Amino acid sequence: MSLSLGKSADGTRRAPGVRLLRRWPLRRSTTISLLSVLIFLALWQTVPALGLMNARYTSQPSAVAIAFAQMLGEASFYGHAWVSLQEFVLGFVLALAVAVPFGALLGTSRQVRLILDPPLMALYIAPPLVLLPILTIWLGIDMASKVAVVFLGAFFPIIVNTGAGMREADPRLVRAAQSFGAGRLAIFTHVLVPGALPSIAMGVRLAVGRGVLSVVVGELFVSRAGIGHLLQIYGSALRMDRLLVCALVVSAFGYALTQLVRRLEDGLRSWRAEP
């Protein structure tokens, strides 16, 4: 009876058990994470049932699951979700379309950077939601004011990271392009932009979180529709089960979109690192 061995990179053979042990830390971390979630859900379900906490204020996983199933059968829920999605997409696409060109300009022009960098940094630090009352007066309580809030929330991470990516271009590549007679436009399109893509992707990833937060909080305070509006209604009525459903939907959307952009960012960094 012989033991089948796999060949390693150095030509030696390793038993299957060795490869299994190498994968064990990953499996162990996944198992621990899953067990933590299950323990939390079990405690959440049990503690209110034993009367140790008021279920009216904490709800229970079973109640949240029932509420989620009920809301999936309500057309109004999809209508509110559609409003929030429209506001987010419109504001985010506008921010992307404006911030990337302006960020490229900031990264390649020292004069423009000296003029615009201080006010941009001040606005970047300030939460865009402090401008919500002004935007509401200017644009009303309908979709336009929330689109503007999302735009402001997403704009600054993208423009700042785009400018930083342009400034961090490898000078050796720039000199090599110049030695081959490349002009400013060719250097910009073939050297600066490809080199800045990972930084731009990181700005987009940061902007996703700020954009999702902006649309929900904007709807929470000033709106007649949207997931944030539902949060306000269910919170006022102490419907914790439905309140948590809305919160979980927003969290799942933001997490999924962030992970998608993170994968794109990792791919761009790997591509940039290739010789």
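Backbone N, Cα and C define each Cβ position, glycine as well.
Annotation source TrEMBL lists domain 'ABC transmembrane type-1' at 81-261.
What TrEMBL records for 32-52 (among others) is transmembrane segment.
As annotated by TrEMBL, transmembrane segment applies to 64-82 (among others).
Residues or ranges marked as transmembrane segment in TrEMBL: 88-108 (among others).
Residues 106, 148-149, 152-153, 156-157, 159-160, 210, 214, 217-218, 221-224 of the same chain, all 6+ positions outside the transmembrane segment (120-141), place their C-beta atoms under 8 angstroms from a C-beta of that stretch. Taken from TrEMBL, the feature transmembrane segment applies to 120-141 (among others).
TrEMBL lists 147-164 (among others) with the feature transmembrane segment.
Positions annotated as transmembrane segment by TrEMBL: 185-206 (among others).
Outside the transmembrane segment (243-261) by six or more residues, the chain places 59, 64, 67-68, 71, 81, 201, 204-205, 208-209, 212, 216, 227, 230-231, 234-235 with a CB less than 8 A from a CB of the stretch. Here TrEMBL flags 243-261 (among others) as transmembrane segment.
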